[in-house]
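Novice: For reference, TrEMBL lists these features for the protein:
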DOMAIN    8-70  domain 'V-ATPase proteolipid subunit C-like'
TRANSMEM  45-72  transmembrane segment
Amino acid sequence: MLQGAKLIGAGLATIGLAGAGVGIGTVFAALINSMARNPSLQKQLFAYAILGFALTEAIALFALMMAFLILFAL
């Protein structure tokens, strides 16, 4: 019973990974759109995109860490 609850909890915790995938796609879609509108700001826009990617990926790693904690630490 407890093992089944752990597996369900870990599965629910990984839903955040799908949200991170959507977030990363949104960040780079906005980058392409912005570069098409104003190519002279390419360097600054790319720096902002990398920052957005890093923050979104941090949320994904946090969700993955929670799933592993549910599976192996509890």
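Backbone N, Cα and C define each Cβ position, glycine as well.
The model shown is predicted, which means the values in this text are computed figures rather than measured ones.
Just tell me what is around each of these and how deep it sits.
Specialist: Here the domain 'V-ATPase proteolipid subunit C-like' (8-70) returns a mean pLDDT of 92 for the predicted model.
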Novice: With DSSP, how much of the domain 'V-ATPase proteolipid subunit C-like' (8-70) is helix, how much strand and how much coil, in residues?
Specialist: 61 helix, 0 strand, 2 coil
